[in-house]
Amino acid sequence: MNVQNEKSMTVRGKDRYKSGVMSYKKMGYWEPDYTPKDTDVICLFRVTPQDGVDPIEASAAVAGESSTATWTVVWTDRLTAAEKYRAKCYRVDPVPGAEGQYFAYIAYDLDLFEPGSISNLTASVIGNVFGFKPLKALRLEDMRLPVAYVKTFKGPPTGIVVERERLDKFGRPLLGATVKPKLGLSGRNYGRVVYEALKGGLDFTKDDENINSQPFMHWRERFLYCMEAVNRAQAATGEIKGSYLNVTAATMEDMYERAEFAKELGSVVVMIDLVIGYTAIQSMSNWARKNDMILHLHRAGHSTYTRQRSHGVSFRVISKWMRLAGVDHIHAGTVVGKLEGDPLTTRGFYDICREEYNPTQLEHGIFFDQNWASLNKVMPVASGGIHAGQMHQLIQHLGEDVVLQFGGGTIGHPMGIQAGATANRVALEAMILARNEGRDYVSEGPEILAKAAASCTPLKQALEVWKDVTFDYASTDAPDYVPTAVPAA
């Protein structure tokens, strides 16, 4: 069927409110003639109907169940501005190359959402509707957030520009490392890793997502040893350093206590995990803003709902929500590392974090223009399976405003942690110098690294150990678009 040509079937007048069951199309949730307002929130869903279910009806059901509808007509609709508050599915397209899947464009009136609340937004657009029986699967692919709604959020407490000013580091990616092994180290040994990595040339070290307060190392002990390491490394190098102290805990009271202690010790940054939830993330963002702290977000748990192509929530949507919620850093993929990341899709994530305005770019998976209304920018973090030998590729794909985190690529160095950090710093400086000189650092990357390694034994060792190690697997989440040939002039 040609889903794009099906006309409105909305029942008008008294018949609309007769008791009984009525199709979602007839209840007014399918409005192909509707033109979205500048103030509408627009969602793009990938809808996979059950066999025999009309895709228009399935898409209208998504609109209804994520806004005002229930399974039967209710007379109390007449006590509301029902036609205004109904979400309106106004377009349904087949997904290119995916039989039985459809893109449904749904517009929501801004008054349906509480200002400045990610929890309220998500309770509607990814609430009960994802369990709706007539659907095999449902995925939220993208959203257009109107300026009127964006302005109700505070956004990142620090932002890229101010973070660079505080660190006094410009013109290059920042370097970091996640402490490994992620679990099992004592506080003293943990602090030793932090010191050696920072002294060797890194800007940051980082707790991993699941290091909180365990029997082998309580949080207070870790914070004390880490900040001793940071202070010693700063004194030794003359550079501002930091360590992402994970304050994730069982309750908000515990998290505030840990964050306050980190501040008292002089930390410039604290860390939280995505799994703490949207309300907790916004609460910690408010705390970070009041206390002039950088807020780092580890996206722990995201792949449980972002990785599958047909069901869940795209990470581009999570990126938008987190920019609104107010985090300064977010892990956003590496392209060449060990974790999921199609190159074009990942560039879309980075654009969402870093740009003031996102134009529609279907090849990057971005379906809508997005104006960020001067909201601070988020620093993306690339972490997971990267090493010095990939430096030219990382800069090519990810650009300059990014934190490159070499965990195993620092701590696994055969000459030790400090040497691993030095290898990464020298590789980065060599590549940035080549870029600034106007050289083709991408094609000349291996040559540039080899020349730098000739006078840097740690880098030479790193290149010998990891060579051209990469994780070359097909992505499960590539953009859905069909390139169109440009006619000859």
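Cβ coordinates are placed from backbone N, Cα and C, and glycine is handled just like the others.
Summary of the site annotation: Swiss-Prot records substrate binding at ASN128, THR178, LYS182, HIS331, SER383. Screening the candidates ARG91, ARG299, ARG307 against this entry identifies ARG299 as the one listed for that site. Neighbour density around each Cβ, counted as other Cβ atoms within 10 Å, peaks among the recorded positions LYS180, HIS331 at HIS331. HIS331 (substrate binding site) is 11 Å away from GLU209 (Mg(2+) binding site) when you measure Cα to Cα. Within the same chain, the residues at least 6 positions away from ASP208 (Mg(2+) binding site) whose Cβ sits under 8 Å from its Cβ are THR178, VAL179, LYS180, LYS182, LEU183, ASN246, HIS298, listed in sequence order.
Counted within 10 Å of its Cβ, the other Cβ atoms near SER383 (substrate binding site) come to 25, all protein chains included. Secondary structure from DSSP puts LYS206 (Mg(2+) binding site) in a beta strand. Across the binding-site residues listed here (ASN128, THR178), the residue whose Cβ sits among the most other Cβ atoms within 10 Å is THR178. Shown in sequence order, GLY176, ALA177, THR178, VAL179, SER243, TYR244, MET271, HIS296, SER383, GLN405, GLY407 are the residues of the chain, 6+ apart in sequence, with a C-beta less than 8 angstroms from the C-beta of LYS206 (Mg(2+) binding site). Same-chain residues with CB within 8 A of the center of the LYS206, ASP208, GLU209 CB atoms, the Mg(2+) site residues themselves not counted, are THR178, VAL179, LYS182, ASP207, ASN210, ILE211, TYR244, ASN246, MET271, HIS298, ALA300.
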